[in-house]
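Written below as structure tokens is the structure these notes are about.
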Amino acid sequence: MAAFIESKQSGGGSSRMYTYDTLQEIATYLLERTELRPKVGIICGSGLGTLAEQLTDVDSFDYETIPHFPVSTVAGHVGRLVFGYLAGVPVMCMQGRFHHYEGYPLAKCAMPVRVMHLIGCTHLIATNAAGGANPKYRVGDIMLIKDHINLMGFAGNNPLQGPNDERFGPRFFGMANTYDPKLNQQAKVIARQIGIENELREGVYTCLGGPNFETVAEVKMLSMLGVDAIGMSTVHEIITARHCGMTCFAFSLITNMCTMSYEEEEEHCHDSIVGVGKNREKTLGEFVSRIVKHIHYEAKK
Ligand SMILES: O=P(O)(O)O[C@H]1O[C@H](CO)[C@@H](O)[C@H]1O
Ligand SMILES: Nc1nc2[nH]cnc2c(=O)[nH]1
């Protein structure tokens, strides 16, 4: 078993391994084993996996059992793909995502998004745990992502590197309004409905490679660049989703404040980050359910 997991972790590092046919094979494997046909795919961030536990009438697939799928190696990421109903709407949910620092290339981290697309998902909801770089933020805030800075892309690392398969999308494409402004507007309405408007923010996210948290100098630099929240995921998933024409909605749960001065004692650690997610699970469950319901009814209009 250990050798099998090892091979799933390191094998096929190249994005080229995930050809259209390979991804179609994964999608077909899943479609043959569930009757659900979700239009919404959800990625649960660190400590946010309990969202998947709110689904009803589920068909679950441990990542180990899905052909060509990597495995989750991070605490707080169960490693399961769950199909089910959220607020009566069929969805598929990644209970655990893949990160670059686990040793996976970005294309491999983002590969499940293409599987969602092939399954028929038109919308992606990506959630993550992130550190607040904006001093106005507080732990427990929910930051709607209005934009991102693809820092890893600046260094030439992009999930779409390599030959482009036009069946997914064009070689070159724009990223303006990638985070659907209408959905963000609706999220603000929902936040008011459920009484969390004072904890709701809207800002810019960036993904660093990790696994270490940031130095004070890095936080200062990123803050000057206009970054409000820092994490180690999501950007490459969103780029991949946008490439294949999916509508994107994403938010960060601010699980810690980034260390902004040398005098501060750094308190954040992964366990407390996961703990903040768990504390917010009820609210976030309600929030995401209402977003999903909105997407579903808008699509029917
Ligand atoms: O982005 P998600 O998966 O929510 O996880 C975030 O939390 C972990 C650090 O505690 C990192 O993996 C970071 O990316
Ligand atoms: N890079 C980074 N990722 C996180 N994930 C949760 N908190 C943090 C943080 O402070 N920095």
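Every residue, even glycine, has its Cβ placed from backbone N, Cα and C.
For the phosphate site, TrEMBL lists Ser46, Arg97, Phe98, His99, Ala129, Ser233; matching the candidates His68, His77, His268 against that entry yields His77. With a CB cut-off of under 6 A applied against ligand 2, the binding-site residues His77, Arg97, Ala129, Asn256 are reduced to Ala129, Asn256. Listed in sequence order, Gly45, Arg97, His99, Cys109, Ala126, Asn128, Cys207 are the same-chain residues six or more apart from Ser233 (phosphate binding site) with CB atoms under 8 A from its CB. Mean model confidence for the domain 'Nucleoside phosphorylase' (39-292) is a pLDDT of 96. Note: the phosphate site is recorded as Ser46, His77, Arg97, Phe98, His99, Ala129, Ser233; in the same chain, Gly45, Ser72, Val74, Gly76, Gly96, Asn128, Met232 also have Cβ atoms within 8 Å of that site's Cβ centroid. With Ser46, His77, Arg97, Phe98, His99, Ala129, Ser233 listed as the residues that bind phosphate, the site has a largest C-alpha separation of 14 Å. Contact annotation for binding-site residues (Ser46, Phe98, His99) versus ligand 1: Ser46, His99, each with CB under 6 Å from a ligand atom. The two recorded residues, Ala129 (phosphate binding site) and Glu214 (purine D-ribonucleoside binding site), have Cα atoms 14 Å apart.
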